[in-house]
Amino acid sequence: MFRTGRISFHMVKRVRLTGQQQQLVLYCSQPAAQAKLNNDPSGLTDEIIRVDHAGELGADRIYAGQMAVLGNGPMGKTIAHMWDQEKEHRRQFEELIRKYRVRPTVMTPIWNLAGFALGAGTALLGEKAAMACTVAVETVIVEHYNDQLRQIMESPNPDQELLKTITKFRDEEQEHHDIGIDCGAEEAPFYKALTEGLNSNKINMNNKQQRYEKIAFLGEGQFATVYKARDVLTEQIVAVKKIKIGSREEAQDGINRTALREIKLLHELQHENVIGLVDVFGHKSNVSLVFDFMDTDLEIIIKDPKIILTQADIKAYMIMTLKGLEYLHMNWILHRDLKPNNLLVNSDGILRIGDFGLAKFFGSPSRIYTHQVVTRWYRAPELLFGARQYGTGIDIWAVGCILAELLLRVPFLPGESDLDQLTKIFQALGTPTEDIWPNFSKLPDFMQFKQFPGAPLHQYFTAAPDDLLALGERLLALNPAQRCSCTEALTMKYFSNKPAPSLGHKLPMPNTNKQNVDEKPALKRKLLEAMESGKMPKKLVF
């Protein structure tokens with residue numbers, strides 16, 4: 001899910017690399033350092049194989065393009081020799097992909113087309129132009145292989161087979177470079193511009209701290225710092241979340257696990273209503289996650305007294321939340337921390353689900369999970385009763401609490417402890433019985449509560465229409481088996497009835513900076529949780 005934009009190289013004889021062609025060469029040069037998290041050798045091996053397979057595919061297609069134009073000329077045999085070696089490199093990496101069960105890059109079709117176009121396009125300008133392309137590309141690939149060899153040798157358990165393979169390939173790529181020089185590459189009119197262009201952008205790609213130029217500090221927590229940045233290659237504004245990996249002992253407390261879980265999940269996800277992971281890179285004891293920049297979040301919008309939320313606005317936010325969550329659930333992912341400040345909103349009014357630090361794959365009904373998930377005010381009753389086996393219903397309950405908060409403009413069930421949270425839930429919705437929620441009394445942390453009668457939702461949301469209340473009842477069902485799925489919710493009459501949801505650009509946005517908005521409820525919630533854990537985190541804005 002890495003994104004790079006179009007980079008323009010202007011050269012004589014109208015030689016210009018397209019954005020895809022430059023991505024191809026830069027991808028070939030991208031180090032596997034971002035996978036080297038917590039000295040994980042298997043992660044390093046997987047990333048090297050994936051990146052190098054893509055790079056060798058690109059090189060293969062470059063020589064195929066050159067052969068299509070120059071194959072019958074004097075340079076034909078020379079290009080064929082180099083092409084044969086590239087095809088063998090590609091074949092061996094395909095074997096390694098099968099052996100190590102590595103998922104190949106989804107960019108393969110682009111590398112195929114872009115590589116061929118780059119090879120053929122430069123070859124059309126003549127033999128020296130083709131060799132200039134060879135030298136420029138092979139220079140980057142040789143440096144890339146040297147970087148990988150250093151990383152493998154520095155890892156705790158170097159993969160000897162991979163070390164031997166990359167050493168051999170590095171030497172053969174160096175041979176291709178030297179052949180290009182001997183065949184007059186340096187005499188091509190655009191040789192200097194091409195090699196300098198590729199190498200200067202390689203620096204920006206590899207030195208990620210240089211690539212992402214800090215604009216503003218956004219906030220910090222106990223283990224993360226977030227700042228607004230500009231990608232100097234694409235001019236895209238991003239948010240960089242810098243996470244301290246820490247020591248092995250700290251990793252046992254979940255710091256490393258949280259960062260790695262977020263990377264693993266977001267790397268596979270792509271949906272308009274799910275935050276995009278743009279890039280990942282490591283530096284010393286930190287790992288940085290680069291996200292789409294989002295201007296605000298739903299908590300800020302809800303708390304802003306100057307904003308009037310119409311029924312159409314609320315419907316728009318609910319549709320986007322449910323569509324994003326539906327995508328996660330269809331991909332067997334529980335978010336496990338849905339709340340207003342994890343629903344991020346950009347200046348176009350697009351809502352995206354963020355913060356996947358507690359997210360988890362689910363599937364097996366017998367699988368055991370921790371119940372210490374979801375911020376308390378949005379935590380489902382089964383979690384409060386200690387359930388270790390649960391499903392999508394915990395996220396659905398949180399969505400119900402968010403809907404209620406959109407209507408009330410204050411949290412619906414703001415408990416000050418787990419016991420108080422259950423009390424508030426039952427006071428509002430009624431204490432469950434075995435008829436309403438079979439076997440709930442067998443949950444690990446069950447305790448007997450006073451029988452509260454509860455009240456219908458219209459008594460709490462007096463201005464809400466009946467179709468919205470019907471949705472709320474399904475989202476906030478005490479029995480998780482009676483809660484609707486996201487797909488079922490989106491088909492309910494509320495979403496097809498008038499008013500139509502507000503268009504993104506018409507949704508309200510706060511005029512004030514996040515730090516200037518009244519955040520006392522959010523801070524109170526964070527402080528209460530911190531006191532229970534014995535830790536007092538600094539304010540985390542992202």
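From the backbone N, Cα and C atoms, a Cβ is placed for every residue, glycine too.
TrEMBL lists GLU56, GLU86, HIS89, GLU173 with the feature Fe cation 1 binding site. What TrEMBL lists as Fe cation 2 binding site is GLU86, GLU138, GLU173, HIS176. Marked as domain 'Protein kinase' by TrEMBL: 212-495. According to TrEMBL, the ATP binding site annotation covers LEU218, GLY219, GLU220, GLY221, GLN222, PHE223, ALA224, THR225, VAL226, LYS241, LYS242. Sequence annotations record features per position, and here TrEMBL assigns active site, proton acceptor to ASP337.
Locations of recorded TrEMBL features on the structure.
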residue	record	contacts (Cβ under 8 Å, 6+ apart)
GLU56	Fe cation 1 binding site	GLU86, HIS89, ARG90, PHE93, PHE169
GLU138	Fe cation 2 binding site	GLU173, GLN174, HIS176, HIS177, GLY180
LYS242	ATP binding site	ALA224, THR225, VAL226, TYR227, ASN286, VAL287, SER288
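In this structure, GLU220 is the one among the recorded positions GLU86, GLU173, GLU220, ASP337 with the smallest number of other Cβ atoms inside 10 Å of its Cβ. Around ALA224 (ATP binding site), taking its Cβ as the centre, 23 other Cβ atoms fall within 10 Å, counting all chains. Separation of the C-alpha atoms of ASP337 (active site, proton acceptor) and GLU220 (ATP binding site): 19 Å, rounded to the nearest whole number. Reduced to three states, the DSSP call for the residue listed as 'active site, proton acceptor' is coil. Per-residue confidence over the domain 'Protein kinase' (212-495) averages out at a pLDDT of 88. The number of other CB atoms found within 10 A of the CB of HIS89 (Fe cation 1 binding site), across every protein chain shown, is 24. Other than GLU56, GLU86, HIS89, GLU173, the residues of this chain whose Cβ falls within 8 Å of the Cβ centroid of the Fe cation 1 site are, in sequence order, GLY55, ALA59, ASP60, GLN85, GLU88, ARG90, ILE141, PHE169, GLU172. Close to the recorded Fe cation 2 site, the chain also has ALA59, MET82, GLN85, THR134, VAL137, ILE141, VAL142, GLU172, GLN174, GLU175, HIS177: residues not among GLU86, GLU138, GLU173, HIS176 whose Cβ is within 8 Å of the site's Cβ mean position. Look at the Cβ of each of the binding-site residues HIS176, LEU218, VAL226 and count the other Cβ atoms within 10 Å; the largest number goes with HIS176.
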